[in-house]
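Visitor: So TrEMBL lists the following for this protein:
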type: DOMAIN; residues: 37-486; note: domain 'Amine oxidase'
type: BINDING; residues: S38, E57, A58; note: FAD binding site
type: BINDING; residues: F376; note: substrate binding site
Amino acid sequence: MIDKTDNYREGEALSRKIAGLKGKGESKSVAIIGGGLSGLACAKYLVDAGHKPIVLEARDCLGGKVSAWQDKDGDWVETGLHIFFGAYPNMMNLFNELDIEERLQWKRHQMIFAMQELPGEFTTFDFLEGIPAPFNFGLSILLNQKMLTLPEKLQTAPALLPMLVEGQKFIDLQDELSVLNFMEKYGMPDRINTEVFIAMAKALDFIDPEKLSMTVVLTAMNRFLNETDGLQMAFLDGNQTERLCEPMKQYIEARGGQVLLNKPLASIETNEDGSVKHFLMRDGEKVVADEYITSVPCDIMKRILPRAWSTDPFFRQIDELEGIPVINIHLWFDRKLLNVNHLCFSRSPLLSVYADMSTCCKEYEDQDKSMLELVFAPCSPIAGGNTNWMGKSDQAIIDATMKELERLFPTEIGPHLPDGGAKLVKHAVVKVPRSVYAAIPGRNKFRPSQETPIKNFTLAGDWTSQKFLGSMEGAVLGGKLAAEVVACKAAGVPTKGLKEIDPSILAKKDQFVPQDPMGVKGKTPIAFGGGEVLGSNFEEKLRNQEAVFLENA
């Protein structure tokens with residue numbers, strides 16, 4: 001049913017619109033900084049429209065926040081545990097357009113939660129086949145007898161009715177409220193937070209409910225309630241750099257575009273009128289094009305913003321956005337653990353979601369030994385945590401994780417077991433100091449449109465204004481919308497225009513003073529907004545890039 005939804009058809013229509021602009025106007029050369037999902041998606045749709053993009057990626061691998069690399073043993077290490085949902089219409093269209101749909105390993109339509117008060121036990125929300133949305137979602141909750149009582153379920157429903165009746169308009173208006181503020185306003189029972197919302201918040205934005213905008217939760221719930229297969233999950237059949245980004249690269253290059261690695265930007269050089277003159281690369285090369293696009297995290301964009309644009313309220317609104325820290329952990333064990341072929345919500349104070357990738361992912365399949373991939377969140381006070389785990393050693397993080405796993409796997413992990421339990425063979429701790437933008441209350445209004453006041457410059461990225469928030473779907477849509485801007489301008493077709501700037505930013509415009517860009521220093525992945533295994537010298541690496549995460553560690 002995924003390709004029968006309005007959102008899928010809307011994404012399909014946007015693909016057709018962009019491709020339909022081919023030949024209508026002059027073919028443009030387009031320089032794109034950033035080879036993550038958004039930059040690659042932007043280039044993909046630009047070649048569909050007949051343009052010639054060149055993607056310039058600073059690192060030696062594609063993917064950005066979904067990048068993966070091999071360790072010394074040849075095992076793949078991923079920046080994050082990424083799951084594909086049926087409610088990702090532009091991503092699903094992309095898989096179809098690349099003809100790689102078979103690479104998605106769809107799992108049973110359910111959600112699996114660890115029982116906090118019953119170590120080692122799990123409960124599920126099961127979506128029954130043949131029952132359409134929103135009834136399948138409601139029935140899955142009603143049939144579960146372990147997480148919420150019937151009165152609690154009935155007390156929760158009225159708060160969600162405006163979302164169903166008013167749709168996105170109501171959802172957007174809730175951005176000023178945290179999840180807990182919303183619950184209090186609508187009289188929702190406290191246990192809906194401990195039983196459901198904490199798990200959802202940490203999975204959606206690596207943040208606790210008291211810090212998370214309710215718009216994020218309602219956006220997700222609206223998709224799941226309105227799309228029969230919206231909550232169905234899929235794993236990619238291997239690492240994303242090879243199994244998703246490489247097909248995008250091949251598609252782009254087969255149609256006249258270029259995708260180059262190890263091409264870090266030094267600065268954006270401007271003309272007297274503020275337009276882009278060229279991209280100056282670190283190696284001294286000047287990349288000249290008709291159009292220019294940056295597809296970098298919001299934190300990186302702030303560091304490379306040219307002096308000529310530094311007093312423009314459009315760009316200064318980005319000051320209100322920042323990336324959220326997250327840690328992704330890989331654990332290789334000496335034996336196979338009891339597991340399910342699915343994503344699990346741990347409902348742990350330290351862990352968000354996890355999966356046994358030796359079962360869930362074809363490339364990592366192992367019948368004899370487990371490899372768990374876990375999201376450690378919240379990992380800093382900015383995300384609602386009590387401890388700054390970003391400033392802790394890998395070993396401290398692993399020790400804390402193993403203590404939590406003793407609760408999740410009490411019959412398999414822990415020194416209390418006769419044989420000492422499953423032994424940890426090796427681990428990888430991937431720290432991402434600046435992941436997706438922090439969706440704290442009141443941030444949505446500061447997310448800029450892809451079109452900018454600069455006549456030959458466009459923004460891409462999941463943090464730019466689009467309805468799917470910070471996610472893989474948001475990254476693809478952000479890049480697609482950036483391509484639409486360039487293609488429409490080239491064809492002489494009206495664009496959607498600039499997003500209105502919030503009055504709070506305009507009120508400060510006289511206070512903005514010109515400032516030179518900080519620039520991006522260093523060559524490590526975190527310098528460019530990615531993640532990496534920092535290892536024993538993590539303090540030195542963080543001090544050089546994100547010293548704030550060493551405070552109160």
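The count begins at 1 with the first shown residue.
Cβ atoms here come from the backbone N, Cα and C positions, even for glycine.
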Visitor: I need the neighbours of the FAD site defined by S38, E57, A58. Which other residues of that chain put their C-beta within 8 angstroms of the C-beta centroid, in sequence order?
Guide: I32, I33, G34, G35, G36, G39, V55, L56, R59, L62, G64, S295, V296, F528
Visitor: Within the chain of S38 (FAD binding site), which residues six or more apart in sequence place their C-beta under 8 angstroms from its C-beta?
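Guide: For S38 (FAD binding site), the qualifying residues are G64, S295, A460, G461, D462, A475, V476, G478, G479, A482.
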Visitor: Identify, in sequence order, the residues in the chain of the residue listed as 'substrate binding site' that are 6 or more apart from it along the sequence and have a CB within less than 8 Å of its CB; answer 'none' if there are none.
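Guide: Correct list: V326, I327, N328, I329, L350, L351, S352, W389, I397, T401.
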Visitor: Suppose you look only at the domain 'Amine oxidase' (37-486); what would the mean pLDDT be?
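Guide: Over the domain 'Amine oxidase' (37-486), the predicted model scores a mean pLDDT of 94.
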Visitor: What same-chain residues, at least 6 away in sequence, bring their CB to under 8 Å of the CB of E57 (FAD binding site)?
Guide: G34, G35, G39, V259, L260, L261, N262, K263
Visitor: Over the residue list S38, E57, A58, recorded for FAD, what is the maximum interresidue Cα distance in Å?
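Guide: Those residues reach a largest Cα separation of 15 Å.
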Visitor: Which residues in the same chain, at least 6 apart in sequence, have a Cβ under 8 Å from the Cβ of A58 (FAD binding site)?
Guide: G34, N262, K263, P264, L265, V520, F528
